[in-house]
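Per Swiss-Prot, the features are:
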- 154-209: ATP binding site (BINDING)
- Asp284, Glu297: Mg(2+) 1 binding site (BINDING)
- Glu297, Asn299: Mg(2+) 2 binding site (BINDING)
- 124-330: domain 'ATP-grasp' (DOMAIN)
Amino acid sequence: MSKINLLLLCGGGSAEHDISLLSANYFETSLAKSEQFNVLRVVLDKFGQYQTAAGDDCELTNNREIRFRDETKPAWPVDYVIPCIHGYPGETGDIQSYFNLIQLPYFGCESEASSNCFNKITAKMWFSALGIPNTPYIFLNQYDDDAIAQTQAALENWGSIFVKAASQGSSVGCYKVDDSSKVADVLKDAFGYAPYVIVEKTIKARELEVAVYEYQGEVVATLPGEIICDSNTFYTFDEKYAKSSKARTDVVAQNVPTDISEQIRAYAIKAFKGMKLRHLSRIDFFLTQDNEILLNEINTFPGSTPISMFPKMLQNHGHDFTEYLSLVINGQLAAK
């Protein structure tokens, strides 16, 4: 059986570029454990240029091949691609649209599901339509006096708020606000990251995460894991990835009643199926002191860095990551 030429595409144009490279390391190591794949790692930079790990400039053409700037190098045909890109253009659905156009099979959620989940406003509309509880919010489409007034009213009503750029990941463009004098500046900053902004009520709760993925034709939801931060610490980009971070994770959250855990998993599967996700996701919830469950967000290409929860939860559930990738890829190619 001939090997599969697999393009591992990483990087991208968002603030999560470097995190995507770390995740790609995990994918590359996992794929190397199988003899089925010829893997070519290509970095997409912030200017849309492609370069191999060896430093060769190249491009992905509509003939489903990698063509090198050095014309003495033969083109490399691509059978399958893993778009290991957090943020734009990976989780936004943009690059998936291009893969669809050139009929190149790819790993992960399709373009519409990616776009719907990445935009926090669209996602919350879907959560509500599916009957899944989520945090109270308002959304804003421009930075003006009315937006400032609405946000200040929300702060007065809720006591504490989060202001979030609607289309960013990893807590980029996300701010906790307790002081009305900071509202205008925070809104201005958030609108610098995205044309739409969402304002959410601050929820004092545990942060639980579920890995949801397809395995041998079934949608699997793991037991919830937990992100544990210092008291009153917001899980910022730096808290997630900085060496000085004091946050820690439990692959299986402790002291969660069985019925609550099962309800969280049921909501996670309902969101996965209802929003037509594919292959993998990480679905994040809040659990309040009163055991109220609130869906926070869906990540359609969860991180796979050394500290990331998705691969840990998958493995804790009894599944090998390399075998999981092989099953997905071979199943998809066989169905062509």
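Backbone N, Cα and C define each Cβ position, glycine as well.
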Candidates Asp284, Glu297, Asn299 (binding-site residues) - the one closest to Tyr175 (ATP binding site) by CA:
Glu297
List the Cα distance (Å, whole number) between Lys182 (ATP binding site) and Asp284 (Mg(2+) 1 binding site).
28
Cα distance (Å, whole number) from Asp189 (ATP binding site) to Asn299 (Mg(2+) 2 binding site):
23
Mean of pLDDT values spanning the domain 'ATP-grasp' (124-330):
93
When the number of other CB atoms within 10 A of each residue's CB is tallied over all shown chains, which of the binding-site residues Ala154, Ile161, Ile203 has the maximum?
Ile161
Do you know offhand how many angstrom separate Gln168 (ATP binding site) and Asp284 (Mg(2+) 1 binding site) by C-alpha?
16
Give me the CA-CA distance between Tyr196 (ATP binding site) and Glu297 (Mg(2+) 1 binding site), in Å, as a whole number.
16
Report, as a single number, how many Cβ atoms besides its own are within 10 Å of the Cβ of Tyr196 (ATP binding site).
18
Return the residue, from the listed binding-site residues Asp189, Asp284, Glu297, with the maximum count of other C-beta atoms within 10 angstroms of its C-beta.
Asp284
Validating a neighbour-count step here. Other CB atoms within 10 A of the CB of Asn299 (Mg(2+) 2 binding site): how many?
21
